[in-house]
Amino acid sequence: MQKQRNSFQLQTPSTIIMDTNNADDYSPIGSPSSPKLNNYRKVSILPLVFLIFYEVSGGPFGVEDSVNAAGPLLAILGFFIFPLVWSIPEALITAELGTMFPENGGYVVWVSSALGPFWGFQQGWMKWLSGVIDNALYPVLFLDYLKPAIPSLEDGFIRMVAVLVLTVMLTLLNYRGLTIVGWAAILLGVISLLPFLIMGVIAFPKLEPSRWLVVDFSKVNWTLYLNTLFWNLNYWDSISTLAGEVENPGKTLPKSLFYALILTVFSYLIPLLVGTGALPLDQDRWTDGYFSEIAKVLGGVWLMYWVQAASAVSNMGMFIAEMSSDSFQLLGMAERGMLPKFFSKRSRYGTPSIGILFSASGVVLLSWMSFQEIVAAENFLYCFGMIMEFVAFIKLRIDYPGATRPYKVPLGTGGAVVMCVLPGLLLLVVLVIAPLKVMAVSAAAIVVGLVMYPSLQYAERKNWLRFSKNSEHVDLHSSLTSV
């Protein structure tokens, strides 16, 4: 018999909280997976590295605007320094909380455990919505790269059909299993990154380091510069929604985040160093797609076509990674009793079939829309979600110093607060500089989430929808409030 959400019995607090005077003595929080789920193949470290890589990056496509906005020196320094300020703190928090709660749902579970299910649901709604909006871009961008070769993809009925067919094909790949998605990400990653290694080899004798030092502070477009860095170095927390599908998450997740961070930073720096050091600077030409022109100058037409193909392939990798994260998040929320029971249904391949269907439907719906303001709204929602994650990280450190943390950021509570200060200030800057129209669209999305949570509770009380909760998942927030 399924246990209803309101009758879910918690483990006693003594099984969750140890003597707070000795935080090194950990006790188990809960089981990461049930015996039934162990029948499905888990994701190992190499596929997980590339899934994280595609959640965050996908390659250097899109970093060109950093040179256009600020010149070579600041662009290169930005991709050295910004990971220290933003990416590393976000990855460290993901490693600690993802191993503390090795279950699907990720950041939804963190916020719910620290702040309660209401805020956990809001976190889930904002993150899922921003993820679906983000994913709707990739089929469109993929076709944009093919337009020079196939002009009929420019617009009209053929383009609409192509978007739909591509979305269905990639969605079916997600349906067939997360392990397949992981190995597909490896293949796509090799195809996407290899031409830039070849560019580096060809360009090495032509590099002039003095070209890397060019900067004109009076002409820097700081808004474009910061937005480019932020867009290309965030979303490290997205992999947390798959924690329940990871093989030995306590060790695999932190290592994968570390290797993916190195891969991501070098995938940006090598093309930037090559492009700015091997050719004379023409700053106005550094816009989306300029790397293919650099490839043509350095290696010829064949290398240009490879880079263009790599750009298109990269969008496929980002789509399947994002789809996996979005769909497993919905499954994790259903297992926590936040969404109706049918969201927890798995296919025979172990994938969340209803979550995939809902996420794919959102992608198809949004694929016909204009994305300029909506993408900015996505960043706005993302910032709200990250602020709640930082709060949850610190609050869980304070409330549960002795809870199980297979990986723990090597800082005390005070150090953890300090680590979150600079990223928190960056989030506030992004929120403040957003246009009023973006704020209005984001506010409307937030209101929908605020209304949706009590509406689902009402539907449960009326027995219109069935909810259930996995008895192996411990509700830390309720255990604390009941003590």
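The backbone N, Cα and C atoms fix where each Cβ goes, glycine too.
Per TrEMBL, transmembrane segment is recorded for 43-63 (among others).
Beyond the transmembrane segment (69-93), the same-chain residues lying 6 or more positions past its ends with a Cβ under 8 Å from any Cβ of the stretch are 56, 63, 211-216, 219-222, 224-225, 228-230, 232-234, 236-237, 257-258, 261, 264-265, 268-269, 272-273, 276-277, 281, 283, 386, 389-390, 393, 409, 419-420, 422-423, 426. Annotation source TrEMBL lists transmembrane segment at 69-93 (among others).
Marked as transmembrane segment by TrEMBL: 105-122 (among others).
If one looks beyond the transmembrane segment (157-175) by at least 6 residues along the same chain, the residues whose Cβ comes under 8 Å of a Cβ in the stretch are 139-140, 142-143, 181, 184, 316, 319-320, 323-324, 327, 347, 349, 351, 353, 356, 360, 363-364, 367-368. Taken from TrEMBL, the feature transmembrane segment applies to 157-175 (among others).
What TrEMBL lists as transmembrane segment is 181-204 (among others).
As annotated by TrEMBL, transmembrane segment applies to 257-281 (among others). Beyond its flanks by at least six residues, the transmembrane segment (257-281) meets 45, 49-50, 52-53, 56-57, 59-60, 63, 66-67, 71-72, 75-76, 79-80, 83, 87-88, 91, 94-95, 193, 196-197, 199-200, 203, 206-209, 211-212, 214, 232-233, 236, 239, 290-291, 294, 297-298 of its own chain at Cβ-Cβ distances under 8 Å.
Among the features that TrEMBL reports, transmembrane segment is placed at 301-321 (among others).
The annotation transmembrane segment is assigned in TrEMBL to 349-368 (among others).
Sequence annotations record features per position, and here TrEMBL assigns transmembrane segment to 374-394 (among others).
Sequence annotations record features per position, and here TrEMBL assigns transmembrane segment to 415-434 (among others).
Within the chain, the transmembrane segment (440-459) has long-range Cβ neighbours (under 8 A, six or more residues past its boundaries) at 118, 121-122, 125-126, 129, 338-340, 373-374, 377, 380-381, 384, 434, 465, 467. The transmembrane segment annotation in TrEMBL covers 440-459 (among others).
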Among 105-122, 181-204, 349-368, stretch most in contact with the transmembrane segment (43-63) (C-beta, under 8 angstroms): 181-204
